[in-house]
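Peer 1: I'd like to ask some things about the structure below.
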């Protein structure tokens, strides 16, 4: 009998508490840094080393390079860079392996589309995906600069 | 024909329909707040059109009648369930002037007519020609008939005190003290039994969504299903009004605050009852089916009978009889 009254008291008190739900589709849900979201790609940094393609466990990245337009310079520049988000598992390996941080993770995650074709994202799209880029990627960290822990 | 006599019930119907729409929304809101979520808020501002959208959805659904069903009965059952729910409102006195009819056996009329709904439910379960619907209907009927007895018995204390079955006289007898105080046992039994009569949690076994498919209305869709639901919520309106009239003093103002009109007091008390129904629904778990019948016959009925005895005895006690002989 006392339990019933107690329960009623608890529910009545709960009514005044703020709701714990998110207004998600209306208000974006902020993700913590290190969240593995849709990649951001910077073509200027890419050296066409192909490491991301080789490490990718689902083979969802395809890229092509071309010779550097300036004949003085060595190496290649990126020509096309596509990620197929039908099979990308957002495992973070491509961004881990990238030596120049040309490809980094962002906190964006909304990939739902009506057509499977729309999940095939090209270089332009990935470059425009420049919001909520992960702050903690290696190049942005001053004392973890490439070359190890030199002061 | 007197136009007031014609327009009055139609107006009441619209008031009741408006109440049902808002009550369903409010119920979902209250349960939402209690569970620390906002409740329906997508349709219209503050979710105000949620019930309208739900009903609209039900109305445009395909009207399915199972091929093996007893068609005339199947069509008749929702109407038989709904009509008494609205008919009982005829005797509820909302204020001194706002009442549709006043006759000597008002409370008896309410209790008698409201039990016709059980036939509608049984009919719906039978006509569906579905074993689950039939079982659900049998359970509903058993529950509603069992709880009708303590419900009636708990009112006898009031009838003894007032010496009348007329609801207006019952309200007028509560000018000094509301019956919830001298008849507290009666109120407790009445309230619990009315929860069960309304098929609301913790006694919502007939249509326990989380356990059964639906109970007696498994085979019903669209408009007919909406009618069963409507009659349920009209009963909430009727039962909350009756509780207000019997135990909370109807339109009588507490603490002599008579400058606030009676209808406001009535509505406030009525809303308090409706809120407690939702509050209890959000708090209590469902009772087990074997506990259900035992509770009605072995707890509520003896308590109600004891209340009658107590009232009869206290009528003879000096200094206390003013509470019991009005």
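Even glycines carry a Cβ here, placed using N, Cα and C.
Where the annotation comes from TrEMBL, it is an automatic prediction and has not been curated.
TrEMBL lists A:46, A:49, A:52, A:98 with the feature [4Fe-4S] cluster 1 binding site. What TrEMBL records for A:56, A:88, A:91, A:94 is [4Fe-4S] cluster 2 binding site. Annotated domain '4Fe-4S ferredoxin-type' per TrEMBL: A:37-66, A:79-108, in sequence order.
A description of the local structural setting of each listed feature is requested, covering burial, neighbours and distances.
Peer 2: Sequence-distant contacts of residue A:49 ([4Fe-4S] cluster 1 binding site), defined as residues of its own chain at least six apart whose C-beta falls under 8 angstroms from its C-beta, comprise A:99.
Taking all protein chains in view, 20 other C-beta atoms sit within 10 angstroms of the C-beta of residue A:88 ([4Fe-4S] cluster 2 binding site). In the three-state DSSP classification, residue A:88 ([4Fe-4S] cluster 2 binding site) falls within coil.
Across the domain '4Fe-4S ferredoxin-type' (A:37-66), the DSSP tally of helix, strand and coil residues reads 5 helix, 9 strand, 16 coil.
The DSSP breakdown of the domain '4Fe-4S ferredoxin-type' (A:79-108) into helical (H, G, I), extended (E, B) and coil residues amounts to 5 helix, 10 strand, 15 coil.
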Peer 1: Grab the same-chain neighbours of the domain '4Fe-4S ferredoxin-type' (A:79-108) for me: Cβ-Cβ under 8 Å, and only residues 6 or more beyond its ends, written as numbers and ranges.
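Peer 2: Sequence-distant neighbours of the domain '4Fe-4S ferredoxin-type' (A:79-108): 30-47, 49, 51-52, 55-66, 116, 119-123, 126, 129-134, 137-139, 146.
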Peer 1: Using a 10 Å cut-off between Cα atoms, which of these binding-site residues sit near residue A:52 ([4Fe-4S] cluster 1 binding site): A:88, A:91, A:94?
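Peer 2: Near residue A:52 ([4Fe-4S] cluster 1 binding site) by Cα: A:94.
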Peer 1: What is the interatomic distance between the Cα atoms of residue A:98 ([4Fe-4S] cluster 1 binding site) and residue A:91 ([4Fe-4S] cluster 2 binding site), given in whole Å?
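Peer 2: That separation, Cα to Cα, works out to 13 Å.
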Peer 1: Across the domain '4Fe-4S ferredoxin-type' (A:79-108), what does the mean pLDDT come to, as a whole number?
Peer 2: 92
Peer 1: How many whole Å apart are the CA atoms of residue A:56 ([4Fe-4S] cluster 2 binding site) and residue A:46 ([4Fe-4S] cluster 1 binding site)?
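Peer 2: Cα of residue A:56 ([4Fe-4S] cluster 2 binding site) to Cα of residue A:46 ([4Fe-4S] cluster 1 binding site) measures 16 Å after rounding.
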Peer 1: Run through the Cβ atoms and count how many others sit within 10 Å of the one on residue A:94 ([4Fe-4S] cluster 2 binding site).
Peer 2: 25
Peer 1: I'd like the number of other C-beta atoms within 10 A of the C-beta of residue A:46 ([4Fe-4S] cluster 1 binding site), please.
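Peer 2: There are 22 such Cβ atoms around residue A:46 ([4Fe-4S] cluster 1 binding site).
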